[in-house]
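> This is the structure I want to talk about, given as structure tokens.
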Amino acid sequence: FQMKRDSGYSTMAEQQKQEEKLWDAMKITARVLGTGLLIFTALVNTVSWYVQSIWDILGDFWQTTWLQFYYLFEGKEWTIFLLGAALVPGLAFWCFNGIFIVADVTGKPTFITRYRIQPGKNDPVDTKKLRQAIYVALCNQFFISLPMLVPMFYVMKWWGNTFSKELPTFHWFLVELSIFTLIEEILFYYTHRLVHLPLLYKHIHKKHHEWTAPIGVVSIYAHPVEHILSNTLPVMTGPMVMGSHIVSIAAWFSLALITTSISHCGYHLPFLPSPEFHDFHHLKFNQCYGVLGVLDYLHGTDTVFRQTKAYERHRVLLSLTPLSESIPEAPKRAE
């Protein structure tokens, strides 16, 4: 009887702990959203006329630019879709990562390399491994991502809004962006946990984890199955659910590729999102599976990360002093 009671208490304690974690997450979310809403309302009330005037001008500019682009291609929807969903994000990815590749190979400019997260790693990067990563990334883009745009195109045509001559409002795009991000977080977290199962890890996900100190281009260095499940579908699903405009799709795909490049780049640069979370995943393998970290917190897959210096550094750097200097690792104890 004592054993049963102990087991019951343990189960109840664990359940209570999970409820407390969920409640804490909800309180943090409510606090952040509430604060953001108050600040936003105050700003709008203060400068509403000024903001509205600027928005009207910008809105007219982008609407005119979009119509010129639309008529330039004579309304050919497949061509417009291909340019918006493939060419623009592809150029954004390679131009952005080109800067990091130069830094990884040459060690310059020092303005970038001094912010290295794992000192001594990829300094310089192994050029043979780099060539292999670029080759796999290009193959994934041309032979996996590009063909997947074909069914997506017909889903978008079914919705009927994707090639509208009228652009979505900026406010609606922000709503879409929030939904895209939520869908990506859910799909990426669980598909990522899936490919970490021993059998799938051995045959699929291990390829991506060849880089324990990742670089930007490694963000799409993956087995084709993983590239479909974890890289492409989580990003494509949001626009397909929302029936988004091609301009929204182009902006979202570009943003997603740049964001994942930052997460893998290996440098914690000033004023950019922190890559510490995902870099720690490559270092330890069994922590930090998601993008935002919300599901990791709820599932307890960030407990080790939260006890490290990397967690203290996991914030936007607002100065020019590297966080590895302002928040150094604790000195190792002499044995």
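Placement of Cβ uses the backbone N, Cα and C atoms for every residue, glycine included.
TrEMBL lists these features:
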type	residues	note
TRANSMEM	28-51	transmembrane segment
TRANSMEM	78-103	transmembrane segment
TRANSMEM	133-155	transmembrane segment
TRANSMEM	170-190	transmembrane segment
DOMAIN	179-301	domain 'Fatty acid hydroxylase'
TRANSMEM	249-269	transmembrane segment
> The transmembrane segment (78-103): which same-chain residues, six or more beyond its ends, come within Cβ distance under 8 Å?
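For the transmembrane segment (78-103), the list is 69-70, 109, 112-113, 130, 141, 145-146, 149, 152-153, 156, 162-163, 215-217, 220, 246-247, 249-250, 253-254, 256-258, 261, 265-267.
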> Sort out the residues at least 6 away from either end of the transmembrane segment (170-190), same chain, that have Cβ-Cβ distances under 8 Å to it, and list them.
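Distant Cβ neighbours of the transmembrane segment (170-190) are 55, 59, 230, 233-235, 237-239, 241-242, 244, 248, 251-252, 255-256, 289-292, 294-296.
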> What are the helix, strand and coil residue counts for the domain 'Fatty acid hydroxylase' (179-301) according to DSSP?
87 helix, 2 strand, 34 coil
